[in-house]
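Q: Before anything else, here's the structure in question.
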Amino acid sequence: MSLPGLPIENSDVAQALDSQSGTAQRTVGMSVTTFLASMATAMALFGAEFLLFLFLKDRFPRIYQPRTYLVPDHERTEKEDGRAGPFQWIVQVLRTKNKHFIEKCGLDAYFFLRYLRMLLKIFAPMALLVLPVLLPLNKAGGRDTNPVPGSRHGEHYNVTGFDQLAWGNIRPENTGRYWGHLIMAIVVIVYVCFVFFDELREYIRMRQEYLTSPEHRLRASATTVLVNSIPEKWLTVEKLEELFDVFPGGIRNIWINRNMDELSEKVQLRSEVALELEKAETELIRNCKRAQVIKMIENSKKPGPLILHEAQEMAAIEQRQIEISNGEGRTAGNPHQVVHTIFDAIYGEESRRNTRREELRTRSGNESEQQPLSSDFSDQPTVVNGEDRERFVEMDLGVPGAAGRTSMEDLRKLRQTTRGSEDTGTLVGEREYPVAYNAAFNDEDYGEPVWKKYISPDERETMRLPIFGLSWMPSLPLLGKKVDKIEYLRKELARLNLEIEIDQENPEKFPLMNSAFVQFNHQVAAHMACQSIAHHVPNHMSPRMVEISPDDVIWENMSLKWWESYIRTFGVLVIVAGMVIGWAFPVAFTGLMSQLSYLETKFVWLAWIGNLPTWLVSAIQGLLPPLFLSVLMALLPVILRFLSKAQGNRTGMAVELTVQKYYFAFLFVQLFLIVSISSSFSTMFHSVTHFMSIPSLLAQNIPRASNYFFSYMVLQALSVSAGALVQIVNLFSWFILAPVIDKTARMKFARTMNLNMVQWGTFFPVYTTLASIGLIYCIISPLIMVFNVLTFSLFWFVYRYNTLYVTKFRFDTGGLLFPTAINQLFTGLYIMEVCLIGMFFLVRDQYDKLACQWQAIIMIVVFVLTIIYQWLLNKEFNPLFLYLPMSIEDEACRREEDFFAKRSLMASGRDDGGDDDIISVNNDDENLHPNPKLRNRRSSLHTADSRLSWVDRLQKNQDKRRSHFFNHMYGNGGNPTTIHMRQKLEQDLEAQALRYHDALERHQRRHIGAGMRTSVIGHTIFDGIHTELADLTAEERDRLVQRAFQHEALRMKRPVIWIPRDDLGVSDDEVYRTQMFSKHIWISNEYAALDGRCRTIFSRSPPDFSEIDLIQL
């Protein structure tokens, strides 16, 4: 670590590097005035951000309250009543029950809030007990600035500021007071250990109650086990069925995984190509429209009576574009792979055929009155921008492997390719595919393209092909062949679509992995299978995992052998250990940039810095260090997640659990140890000569750093918590980045609908580190507990609000991060105990003799007992963290029966508190749904109906709700009074609906950003969609889950190229020509358009959006 030929202690570079370490040492003796000044700054920042939040909260619900409308019904939080006052939301946040958080947000979100509450439960009582005892002991008759007794030269102590309330202020003649510190330390340790025990016991109770709840037991993830490292002999359906059918209830499904890395790469490449083609087509349409508008503006500037006409025409364009966005537009190349509704997903092709027939009947009856309900081209000619052009019939392509099979039917067909090593499949890379597009296609054969009327061919976007013609080489400016971007991407997309769909139809050609998903009929069977010894050879058929979401699987890690996982884990641990220790060096190098003037004087080869302008040097020194530091800290979570994934974790949640451990180790070392232990790296390394020197090192350095963490806690509590409320990053993203980056309708839709998600692996450790620091200093400098209480109180409230109103939670570990965080808190206890051991051994009385050896010995015993306690705690509780005991199965079955019985009553209308939207799962063969609303929906629902614009669909939803309201309130009888009341109310509500419809159109005419229009779109997309599994029958759930655990590459559908429609006909012409070019490209301009400023707008979800994606299986 030293430079060649130069001792590290005397190296100028070493001195510069050491500038970041031991930062906390410089705050020794910090005065109250200095602390209050820093606190005032933090409070001013907090106040400004909080006022900004209050001002913006109701104005931008997309940013501050998206969970009130942009999530499915069962996940929504009820919007607070603004009429109750500007601070009513605070009352609602505080009054929300725990059950609400669990049902709406999941266990991870709930247990994070409970974790913050637990920290308050620790530090608040401790502060009330410890502060009245230790502060007087430390302050009364302390050293302060008093003369040193027996000093010949009149020396004085130099204990100032907050240090007068800490450990080091006790005089040598008062060393007996340290017994009070020992007693308080033991009380603190016992109390904290009790809280850990109590919280873990409650965690197990709540986790078991959640996992055995009827709603959760319906999920496929509750009964499905991932089995890894399966020997080749057992890698058949028959063998796995024989092995696992001994568990209660037997097996429902088995999915043997296949290695589809090649197909996955194609799917990923196709997604990138589709997005680029979508951007290029959108930009072409925008350029044409922009050219037309510019020409119109130029004509309007000419003198004459034309000015008024042009102004009127500009206003008409705006209105016309809004009408276009609400229209259905055109579509071509739809392979009908996407099932838009849950109903279609369950009842498949028969439903879609019935839907198609009904759609054609509807179209034939209303052809003269409106646009075709479907966006397909008909056989009759139409006029596009003045030219007659024959419409074309959409080419239909079957769904590749879309039909779900029941478990055993699927298994029998797989036996032909899974029996032994000779039949495990071969990669399809050598296969030749047919040509996917019309190689002889020429634009001029179909008339002059519409875009040529507005822009020249040179204005079309171009791109460079990969250099040397190799697909894996990068595309570089000025190198590679220059081609038309749209034409090239069309060819690539058509080729990829065809190849992917052919591969999806032949999954047996791919080799088998050594893993499989086994779904049981009973939840207890899945947990028994995980805890049983499945194979007689160690590390075979393990690990076995339960509670895995199908969409959370990391498929590239599903074929790892057990020894590969061990090697990867060892390698990752070495890398992470190196990062934890060595990360201080790149951080310190960023500090060198703030010392350019100093480095210039020390190193001759940096003399050129003196020739730079002063303002440039100042800018570099002031801006680059924090910028580089921010980049470094932002890269760290990305690196840790990459390493955790490379380690071999099979799911995203397993990655988060691993990241939680690594990130805490990193933060604790870098944020606490490096900052507080030593004034330089060199002295730290030289000081640790042997293990027994560690307590002395900690005792000498940690007490001196306490004041630093006072300021750090205040800054975290005030500025960071308020920043989490006001969401500066989201504001910047919405109003600065979005207008610049989001050009296509899909990008705007994604920006609107994709809510913030928490990455728990890097979220928990931040607060665990702060809590550990609080535990370390609670005896040494007890005043820190005041700041701990302030910090965790503010964060508890802020994240309670964000959890209710802002953040979306898709995947869940079942709260497993909570016990991990509690175990990490033991680190704080251990460091506190080791520190106190060293500090007791350092105490000397007025005769310079060891004064507290007995306290140190007692603390050593407490330290050993704490280790034993943690070991016992984990030994007893660890099995219950992951798996369910058999003793609760009977109670779970009883709750499940009661749950379904109640839903049956609710569905049949015999339960006054019921909801008619609830579906009974106890059905007969003739009628799967006794609920009239769902039965009517089944007979009339079709794809075209579900594709209505967001205004029309909202109107339809209101009509349904109104019909339900009348039937419920007044019945269906013929009583004249009832009929009169119904008619009067219908007229009133119809008038309100018309006013509401007009209001929506007015809102659509202007850019509202994160406001009302987004809210209405959210309601339109999610309202009336049944995403709860309890709303479906067992048969319907089984149909949905048939393909859930297949490889994600097999489940991917052909993407649609979603482009905006325009009044010039460019978009319609592009749809037409794309279909003439290839039947393997799906392109549509439904419900997307350009506004008056040539910006893309949309009025509903993309054509390839599916309700199935909203269901958590």
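Every residue, even glycine, has its Cβ placed from backbone N, Cα and C.
Relevant sequence annotations retrieved from TrEMBL are reproduced here:
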type     : residues  : note
TRANSMEM : 35-56     : transmembrane segment
DOMAIN   : 35-199    : domain 'CSC1/OSCA1-like N-terminal transmembrane'
TRANSMEM : 118-137   : transmembrane segment
TRANSMEM : 178-197   : transmembrane segment
DOMAIN   : 223-557   : domain 'CSC1/OSCA1-like cytosolic'
COMPBIAS : 350-366   : compositional bias 'Basic and acidic residues'
REGION   : 350-383   : region 'Disordered'
COMPBIAS : 367-383   : compositional bias 'Polar residues'
DOMAIN   : 568-840   : domain 'CSC1/OSCA1-like 7TM region'
TRANSMEM : 570-591   : transmembrane segment
TRANSMEM : 627-643   : transmembrane segment
TRANSMEM : 663-688   : transmembrane segment
TRANSMEM : 709-737   : transmembrane segment
TRANSMEM : 757-776   : transmembrane segment
TRANSMEM : 821-842   : transmembrane segment
TRANSMEM : 854-872   : transmembrane segment
REGION   : 916-938   : region 'Disordered'
DOMAIN   : 1034-1104 : domain '10TM putative phosphate transporter extracellular tail'
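For each feature listed, report its degree of burial, its nearest neighbours and the pertinent distances within the displayed model.
A: Here the transmembrane segment (35-56) has Cβ contacts under 8 Å with residues 63-64, 86, 161-162, 707, 710-711, 714-715, 717-719, 721-723, 725-726, 731 of the same chain, all six or more residues outside its ends.
Within the same chain, residues 118, 121-122, 125-126, 129-130, 133-134, 137, 167, 170, 775, 778-779, 822, 825-826, 829, 832-833, 836, 840, 843, 851-852, 855, 858-859, 862, 866, 869, 873 sit at least 6 positions outside the transmembrane segment (178-197) and bring their C-beta atoms closer than 8 Å to a C-beta of that stretch.
The average pLDDT the prediction assigns to the domain 'CSC1/OSCA1-like 7TM region' (568-840) is 86.
Counting same-chain residues at least six beyond the ends of the transmembrane segment (627-643), those with a Cβ under 8 angstroms from any Cβ of the stretch are 572, 575-576, 579, 583, 586-587, 590, 593, 655, 659, 662-663, 666, 759, 761-762.
A Cβ distance under 8 Å defines the sequence-distant neighbours of the transmembrane segment (709-737), meaning residues of its chain 6+ beyond its ends; these are 24, 27, 30, 35, 38-39, 42-43, 45-46, 49-50, 52-53, 56, 60, 62-64, 162, 676, 751, 756, 770, 773-774, 777, 783-784, 787-788, 790-791, 794-795, 797-799, 801-802, 806, 1009-1010.
Remote same-chain partners of the transmembrane segment (821-842), defined as residues 6 or more beyond its termini with a Cβ less than 8 Å from a stretch Cβ, comprise 115, 167, 178, 181-182, 185, 189, 192-193, 196, 199-200, 660-661, 664, 668, 694-700, 702-703, 764-765, 768, 771-780, 850, 852-853, 855-856, 859-860, 862-863, 866-867, 870, 874.
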Q: Can you say which of 118-137, 570-591, 854-872 has the most Cβ pairs under 8 Å with the transmembrane segment (757-776)?
A: 118-137
Q: With a Cβ cut-off under 8 Å, give me the same-chain residues at least six positions beyond the ends of the transmembrane segment (118-137) that come close to it.
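A: Hits for the transmembrane segment (118-137): 165, 170, 177, 180-181, 184, 187-188, 191-192, 195, 199, 767, 771, 774, 778-779, 782-783, 785-786, 788-789, 792-793, 796.
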Q: Apart from its near flanks, which chain residues at least 6 from the ends of the transmembrane segment (854-872) lie with a Cβ under 8 angstroms of it?
A: 178-179, 181-182, 185-186, 189, 193, 823, 826, 829-830, 833-834, 836-837, 840-841
Q: Kindly report the helix/strand/coil residue split of the domain '10TM putative phosphate transporter extracellular tail' (1034-1104) according to DSSP, in that order.
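A: The domain '10TM putative phosphate transporter extracellular tail' (1034-1104) comes out at 24 helix, 13 strand, 34 coil.
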